[in-house]
Amino acid sequence: MDPHAAGPRAKKAKLDKASRAVKAATSENGENGEKVKKSTKIKTKKANGIEYTEKMEKTDTAETIAKSKRPIEEEEGEGEADETAAAELEQEEAGEATEEKAPAEEELPTTFKELGLVDVLCEICATLKFSKPTPIQAKAVPVALQNRDVIGTAETGSGKTLAFALPILQALLDKPRPFFGLVMAPTRELAVQIGQTFEAFSSIALRCAVIVGGMDMVPQTIALGKRPHIIVATPGRLLDHLESTKGFSLKSLRYLVIDEADRLLDMDFGPTLETILKHLPRERRTMLFSATMSKKVESLQRASLRDPVRVTATSPGGAGPDGQQMVSTLKQSMHLVPYPKKDTALVYLINEYSGRSVIVFTRTVYETHRVAFLLRALGFGAIPLNGKLSQSARLAALNKIKSGDRGILVATDIAARGLDIPRISIVINYDVPQDSKTYVHRVGRTARAGKSGHAINLVTQYDVQHFLAIEKAIGMERQIRPLPVDNEEMDVFRPRVEEAQRHAKAEMRTWQEQQANHGRRSGGRPRNNGSGVIGGRSRDDDMDRGEL
């Protein structure tokens with residue numbers, strides 16, 4: 001009889017049997033009972049961020065996958081089998097997903113060929129100047145190529161996009177078909193960026209469609225009608241099409257990727273994701289990537305993945321107790337500043353790091369515009385980015401930063417989720433973020449792909465306790481040191497800053513009047529942009545909902 005199909009009595013009998021086996025071993029060996037109990041368990045090892053068992057270290061990959069599909073066999077004595085079965089039953093009762101352990105090499109692969117990729121993909125990687133796999137790619141790609149579900153936990157800027165793109169592309173080359181892969185991302189900008197990564201492989205005749213809110217649904221419907229191989233989407237707009245676009249179905253989907261899963265769930269997309277999962281086939285491969293592992297992410301894992309292999313790629317920077325991934329190449333500083341002097345402190349820092357590309361994070365939409373006006377009045381090339389801007393304006397702002405046309409991006413947390421802007425070397429938290437997860441994502445915009453970066457936090461008298469709590473949550477309690485600042489030199493900027501503040505205030509009055517006039521012209525309602533949905537969407541499809 002299949003032990004996984006047993007009823008409550010059978011489960012209880014197995015647990016009792018395991019308990020008797022352990023007690024018997026303990027009584028027989030007296031003081032050495034603890035050693036006997038430990039020896040009966042399969043030892044778990046960790047190598048290169050992949051967990052695996054000693055037993056699997058001696059077993060080839062084919063055997064490992066085959067054994068994962070059938071009941072555990074008693075290979076090393078009844079006591080070991082009973083205890084292992086009891087542990088599995090306890091996991092089952094707790095509602096935890098069973099995770100297979102993947103074998104790992106002592107050394108990570110150093111070429112894309114060693115990952116098991118076909119020549120055409122290796123050649124494209126070389127053309128794109130990808131010299132060697134990053135740690136998350138070296139660990140996740142071989143597992144995915146074995147046709148396994150994957151949970152990837154890695155610091156930002158670690159090359160996660162290619163880690164899930166390459167296995168999908170290889171499988172697609174083997175059996176090309178429309179609607180082969182779906183990637184879901186929390187923000188429009190990240191979705192566009194992921195789409196660009198896939199499009200870099202267009203020489204293999206790849207068709208990719210990016211489906212996000214804030215854009216006309218008609219061109220998107222036409223793109224879906226061309227039956228793309230890969231869809232990259234934000235959840236809200238994807239669900240719009242699943243429910244309203246005639247003939248569009250994902251019933252033949254082979255690969256699902258949930259990127260930045262923690263941010264998707266923090267933005268309350270849980271119900272939307274659940275509905276989307278109902279539109280997908282159960283027989284598929286799923287990859288979930290997240291910078292942090294929360295209870296919500298674990299719940300999503302149980303709902304969407306089957307026997308996943310967990311891979312992690314962390315630098316010596318390590319992780320906080322809540323799982324937040326940090327990098328060792330990131331320098332973190334804080335500057336205690338009285339609230340009335342925040343603008344002066346910001347201008348001082350921008351001037352100190354003149355010539356560097358900077359992201360300044362603020363808490364509200366209003367502040368992104370005000371601070372951008374302030375910096376422009378002082379001659380700095382600043383541009384705002386927030387969720388209230390049109391999609392075209394948001395993409396234009398990002399392009400100006402990426403091209404070097406502007407050096408300073410003043411943004412809400414919309415810029416904190418997964419965006420890869422290689423030029424950014426400094427992150428300034430003008431406003432302290434609301435929680436440790438947001439902090440990790442913000443500072444992760446710099447020190448990417450092994451490069452160094454610097455994150456500076458402006459902490460006022462009202463932020464001290466909150467900032468200390470963030471430090472503790474990321475495992476750096478009292479370790480983020482004050483930034484050496486010459487207060488006298490900083491005060492030299494004060495008269496010019498006060499003049500710029502007056503200019504910014506006047507600019508903000510004009511901006512607010514324009515926003516009010518725009519609202520009156522549209523009758524106080526969002527304009528219909530021709531998408532068939534008011535405001536271009538029927539539901540919030542990214543983090544716009546939380547911006548003030």
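Heads up, the Cβ atoms here are built off N, Cα and C, so glycines get one too.
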Among the residue ranges 110-138, 168-196, 197-225, I'd like the one that TrEMBL describes as motif 'Q motif'. 110-138
With the cut-off at Cβ under 8 Å and a gap of six or more residues from its ends, the chain residues touching the domain 'DEAD-box RNA helicase Q' (110-138) are 48-49, 145, 152, 154, 158-160, 162-163, 166, 169-170, 173, 200-201, 203-204, 311, 313, 449
Helix, strand and coil counts within the domain 'Helicase C-terminal' (341-489) (DSSP): 62 helix, 28 strand, 59 coil
